[in-house]
Amino acid sequence: MIEADRLIDATEKPNEDSIDRAIRPKLLADYRGQPHVKQQMEIFIEAARSRGEALDHLLIFGPPGLGKTTLANIVANELQVNIKATSGPVLEKAGDLAALLTNLEEGDVLFIDEIHRLSPQVEEILYPAMEDYQLDIMIGEGPAARSIKLDLPSFTLIGATTRAGSLTSPLRDRFGIVQRLEFYSVEDLSYIVGRSAHFLDLEMCDEGAVEIAKRSRGTPRIANRLLRRVRDYTQVKSDGTVNAEVAELALNMIDVDKSGFDYMDRKYLLAIIEKFMGGPVGLDNIAAAIGEEKETIEDVIEPFLIQQGFIQRTPRGRIVSDNAYHHFGLLPKQD
């Protein structure tokens, strides 16, 4: 398993949500990055508001840490409605979901994180709720059992997932709006770092924000996490201002290199280079070589490496690119 203190792991850590909540943007006007998503959502939200209707059900997918929960809350704020949040693993029984649905008010947002982890029984309850705003529930047991239908207020379901391919077709097809979040540019992350530094009362130079952004793997959650560690370093070792030099010293100290890689990324890449001659190599072999779960490799380690052009997924397995060799000062494999 990846250690819980891995700073550039984009999955949320305990108590991190309460810290990040204070610095998250509340409205689309403050939302930076994802320009196509932002443009589309502005139109869809304004249209729904002008018609006095609930927004179509929205599916948000993409790697962890890119702001799926933030966007869900922004949608609710823009619509000026309540949002009730839960997650797929929490909804163990159909009754758990029924209790949430029956407490919604007209136009409210129901946010289900990790929606791909809903059980089939719970998912069956969602279908009529999403399509017809009705709840089908069973009363009684055995031969005397009967089904009754309850009308629900119009609501918007927002589902978030890192594994859109794991959704069943009937569920996926019921979302009228589907948005994919992409990794953020250094420019957008620099803005986010500067904004967060302001909320943390930390003096931040533009160059310092860029240095943090470059090592944040295109992910706001990681950028904010690294910012907090740089703040600690600055408080103890510097005069209180984060410039490029201070940011670089702090990030080197916590073992996040200029490409945003930590020991696990380097271990992954070196395993393919040294143990498997640069690939191709199957996921099972990589998982065994580095002592990591396949799902974690696919969901946490590989997306950024692929996006940055360090590895390729091919039908024959994983292959490292010349970039990976250059990162370690090695000569690429000759075919």
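Every residue, even glycine, has its Cβ placed from backbone N, Cα and C.
Record check, Swiss-Prot: ATP site residues include Ile23, Arg24, Gly65, Lys68, Thr69, Thr70, Glu131, Asp132, Tyr133, Tyr184, Arg221, and the candidate from Arg174, Arg229, Arg231 also listed there is Arg174.
For the ATP site, whose annotated binding residues are Ile23, Arg24, Gly65, Lys68, Thr69, Thr70, Glu131, Asp132, Tyr133, Arg174, Tyr184, Arg221, the maximal Cα to Cα separation is 37 Å. On a Cα basis, Tyr133 (ATP binding site) lies 45 Å away from Arg318 (DNA binding site). Fewest Cβ neighbours within 10 Å among the binding-site residues Arg313, Arg318: that distinction goes to Arg313. With respect to their backbone Cα atoms, Ile23 (ATP binding site) and Arg313 (DNA binding site) stand 36 Å from each other. Non-local neighbourhood of Tyr133 (ATP binding site): Asp151, Leu152, Pro153, Ser154, Phe155, each in the same chain, at least six residues away, with C-beta under 8 Å from its C-beta.
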